[in-house]
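Participant: Please find one structure pasted underneath; my questions will follow.
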Amino acid sequence: MSTQAAFALKASLRKSMLKTLKGMSDGEVEKQSQAVFRILLDQPFFKEAKSIGCYLSMKHGELRTNGIVDHVLKRGSTLYTPFIPPPPSRSPEAQPSSSSQDMKMLRLYSSSDLDKCPLDKWGILDPGETRNDMEREMREDAMNRSSPPLDLILIPGVAFDEECNRLGRGKAYYDRFLLSYTSNRPSPLLVALALSPQILERGEKVPTTEHDFRLDGVVSPEGIVWRNSKSD
């Protein structure tokens, strides 16, 4: 399949799946989010992870991570959450730079830090680059040499298949972050969190290109799907 054809199929699947997710009630999303949280709590890979990356969820149409984030902070594990820097102001003649908006993983320190985060335009908690629980203290970046290695990243997405391929929102933020992070560190365990409709029917595939990373596993209310059908 050509790259152009793959991008066209991705766009089509993304559009249809986002429409499906938009139609889910908040009550159903919350019910499924709690089910995934309960599954995670029983998993050794989650219980034993000392340093975790986890997204802060949108208000609608996405598996909610509120309980997961609160649990990780309260148990004392190191938690990093995605941060996308705002686009720099530039003159009309300046060329846009993709690296200026590459995703970072910045540390979230405490429940107090989390509680003081404002909402961004998508209704997602936005920790920003400085701590909310300590004045003028910059957040630790997971890319820093002094930062502990990430054991696990809990990843969002739009659709997933039985081979642990992922369809994202088309910005390639995670692809670029993981490519950079793993250039000089071991790859963390990559596990996606999914609502039931996001798992494609058996035999259906997420269209991919050579630049797409593959997950190690996907957790949904129905359980865990592991790449190559094994959890090691």
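Think of each number as a place in line: the chain as shown, counted from 1.
In case you wondered, yes, glycine gets a Cβ from its N, Cα and C as well.
Annotated ATP binding site per TrEMBL: Lys10, Ala11, Ser12, Leu13, Arg14, Arg166, Leu167, Gly168, Arg169, Gly170, Lys171, Ala172, Tyr173, Tyr174, in sequence order. Residues or ranges marked as substrate binding site by TrEMBL: Leu56, Glu62. The region 'Disordered' feature in TrEMBL is assigned to 80-101. If you look up TrEMBL, you'll see 91-100 marked as compositional bias 'Low complexity'.
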Participant: How many Å lie between the Cα of Lys171 (ATP binding site) and the Cα of Glu62 (substrate binding site)?
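Facilitator: Computed Cα spacing between Lys171 (ATP binding site) and Glu62 (substrate binding site) is 17 Å.
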Participant: If you count Cβ atoms within 10 Å of the Cβ of Lys10 (ATP binding site), leaving out that atom itself, what do you get?
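Facilitator: Lys10 (ATP binding site) is surrounded by 20 other Cβ atoms within 10 Å.
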Participant: Taking the Cβ of Ser12 (ATP binding site) as the centre, count every other Cβ atom within 10 Å, in any protein chain shown.
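Facilitator: A 10 Å sphere around the Cβ of Ser12 (ATP binding site) contains 11 other Cβ atoms.
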Participant: Relative to the Cβ of Glu62 (substrate binding site), which residues of the same chain, six or more apart in sequence, are found under 8 Å away?
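Facilitator: Those within reach of Glu62 (substrate binding site), by Cβ under 8 Å and sequence separation of 6 or more, are Leu21, Val29, Pro156, Leu195.
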